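Single-structure report; data block below.
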Amino acid sequence: MTQRKIIHIDCDCFYAAIEMRDEPDLAGKPLAVGGSAERRGVIATCNYEARAYGVRSAMSSRHALKLCPDLTIVKPRMDAYKEASREIHTIFRDYTDLIEPLSLDEAFLDVSEAGHFSGSATRIAQDIRRRVSNQLHITVSAGVAPNKFLAKIASDWKKPNGLFVITPDQVEEFVASLPVTKLHGVGKVTADKLGRLGIVDCADLRSRSKLALVREFGSFGERLWSLAHGIDDRPVQNDSRRQSVSVENTYDTDLPDLAACLEKLPDLLETLSGRMARMEGQYRPGKPFVKVKFHDFTQTTLEQSGAGRDLGSYEQLLAQAFARGGKPVRLLGIGVRLHDLRAAHEQLELFSRQ
């Protein structure tokens, strides 16, 4: 059996990072994203400067301001966060299609079969971190391990902006010293019960038989036994029904005008055509679209029903999109909306059985 290679990517204070990127004056100061104190708002996330004062997610904004009177609280901009998340996932898909999103800022990747960097999951994680930093100007932390349980723990090990790797031969020793509170599914109630039994870390858990743990905790006891031995067979479960396929590039030097943008289209279209070819028979291509992000991080996306997917069609779309901003461009993307042929086939099978 092939040894699995799982990466867990977790953006560092994601919402706050996007706000500091888009408003540089906020950087280096205590910042939170959430509702206003006057309206009994709650903190969604905060940067590390705010955390130093004890500010935390899910805390009331009023209490956060008591802890940190200089705290700046900004309203969430979900569209901006979703767009950044989409850009990150576009990077992920250059390495694998086995992606399990946990939230906008967090995902598992199974790179067991990836051919990049001779199959090195560590180098893939390094490259993802580099590209996210260069393209989005935010940082992510990454954990690399043989399973999801350990990869998630590893990503938190050197936060923020860190990478931690647990190789298969390190699993046994690493897990033995883990506090039981680090185990997936162990909350305060279970941790307290384990503590009363004299079980503080995974070494203590290993001293108990699987049967004894099942007697104490029911079916979850078996899960506890497995985790204490570093075992987690849960697969990375991706939503395989894709809405679109796209390719985009962030340029080292801003493209100054439309002509410079148009010069980049053939290379983008060649890459897109290759990705489309790999999906033949699974999806029917629909509307083409272009995405333009200008040098000031404003952006626009334009799609058109009935348009072709040839170079000329993308040139027309790009010209219209560029006209919306008329400024130097830092990122260009092109893509196609998709219709899932597999879903349609499943519907036909369903009706044929009735």
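Glycine too: its Cβ is placed from the backbone N, Cα and C atoms.
What Swiss-Prot says about this protein:
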- E106: active site (ACT_SITE)
- D10, D105: Mg(2+) binding site (BINDING)
- 6-187: domain 'UmuC' (DOMAIN)
- Y15: site 'Substrate discrimination' (SITE)
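Shown here: features listed in Swiss-Prot, placed on the structure.
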residue	record	DSSP (3 states)
D10	Mg(2+) binding site	strand
Y15	site 'Substrate discrimination'	helix
D105	Mg(2+) binding site	coil
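Geometry remark: D105 (Mg(2+) binding site) versus Y15 (site 'Substrate discrimination'), CA distance 9 Å.
The C-beta environment of E106 (active site), restricted to residues of the same chain at least 6 apart in sequence and closer than 8 Å, consists of H8, I9, D10, C11. The predicted model assigns the domain 'UmuC' (6-187) a mean pLDDT of 94.
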